[in-house]
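See below for the structure under consideration.
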Amino acid sequence: MENQKFIVLSICLSLLITIASAQNSQLRQNFYQNSCPNVESLVRSAVQTKFSQTFVTAPAVLRLMFHDCFVRGCDASVLLSSPNNNAEKDHPDDISLAGDGFDTVAKAKAAVDSNPRCRNKVSCADILALATRDVVALVGGPSYSVELGRRDGRISTKASVQRKLPHPTFNLDQLNSMFASHGLSQTDMIALSGAHTLGFAHCGRFSNRIYGFSPTNRIDPTLNLQYALQLRQMCPINVDPRIAINMDPTTPRQFDNAYYQNLKNGKGLFNSDQVLFTDSRSRGTVNLFASNNGAFRQAFVTAITKLGRVGALTGNQGEIRRDCSRVN
């Protein structure tokens, strides 16, 4: 009997320890208040400097965070380099990630580590999350509190990217399924898609919509015809594969709800954009965000906060990388 009591007590104790350590390792906004209290201003200053040199900083950092979190979680594994080109960033779905995004994180990391109190205390994953918030604010988007306490992953492989990122051809079911696998709702997915208000896409990513949609329709009928003809001018058939087009044809340098207004006018560049309006199940949310920028901003903050929790390593998992491009 005494033995059974002891076993029950041991189980209860171990459960309490597990719960306590889980709570201690949760992401929280004031994670660095004792170890590096000015981490946010150090990162913001580095991001502002980089942004003043090139606008590409904003869409590049935002896209980098999304691509990181959807593969192995938000562990900065997308930043790792491989001597034999076998890292995440070497996968075809990641090869177009702009170098300015990687450079922004490296510069912010150097700024943080130049402070003796902060050296080797702040993860690359947290720096990427902070830099993402800062670029969104710099281009007119919402500023929001960032949960911190992520650790950096030690694994980055090309194979792990396969079928982990949404493709331009996706329909609503495919989008919802992929986002739901990370605990993100349809509303979260539509709000995060609004990041396409910034940035650009290479012609090859959407050329099938303007040249070879189907045997009966060369141009995708859900695409605004005038817009499709403009895209053909910018992306002729034998176009240089390096040519890229603004995702948002109206306000490409402003984080706003024009993306959703464009969808209502048949000006979603990818099928995965336009389907949000053509599918009746998501149209209501597009209409809401198109008419109410405040509703979009609020939904985006909710969604990117949830995205930042995906697969985060905490506590004593992973490491704090000294160089964001290589494991310690």
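Cβ coordinates are placed from backbone N, Cα and C, and glycine is handled just like the others.
Automatic, uncurated: that is what TrEMBL annotation is.
Feature annotations, courtesy of TrEMBL:
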SIGNAL    1-22  signal peptide
DOMAIN    26-328  domain 'Plant heme peroxidase family profile'
DISULFID  CYS36-CYS118  disulfide bond
ACT_SITE  HIS67  active site, proton acceptor
DISULFID  CYS69-CYS74  disulfide bond
DISULFID  CYS124-CYS324  disulfide bond
BINDING   PRO166  substrate binding site
BINDING   THR197, ASP248, THR251, ASP256  Ca(2+) 2 binding site
DISULFID  CYS203-CYS235  disulfide bond
Neighbourhood of CYS124 (disulfide bond) by C-beta distance under 8 A, where only residues 6 or more apart in the same chain count: ALA76, LEU79, VAL105, LYS109, ASP152, ARG321, CYS324
ASP248, ASP256 as binding-site residues, winner by CB count within 10 A: ASP248
Candidates HIS67, THR197, ASP248, THR251, ASP256 (recorded positions) - the one closest to CYS235 (disulfide bond) by CA: ASP248
CYS36, THR197, CYS203, ASP248, THR251, ASP256 filtered to the recorded positions whose C-alpha is within 10 Å of the residue listed as 'active site, proton acceptor': none
Sparsest Cβ surroundings (other CB atoms within 10 Å) among the binding-site residues THR197, THR251: THR251
CYS324 (disulfide bond) CB neighbourhood, other CB atoms within 10 A: 22
Cα-Cα distance linking THR197 (Ca(2+) 2 binding site) and PRO166 (substrate binding site), given in Å to the nearest integer: 17
The domain 'Plant heme peroxidase family profile' (26-328) [mean pLDDT, rounded to integer]: 96
CYS36 (disulfide bond) to THR197 (Ca(2+) 2 binding site) - Cα separation in whole Å: 33
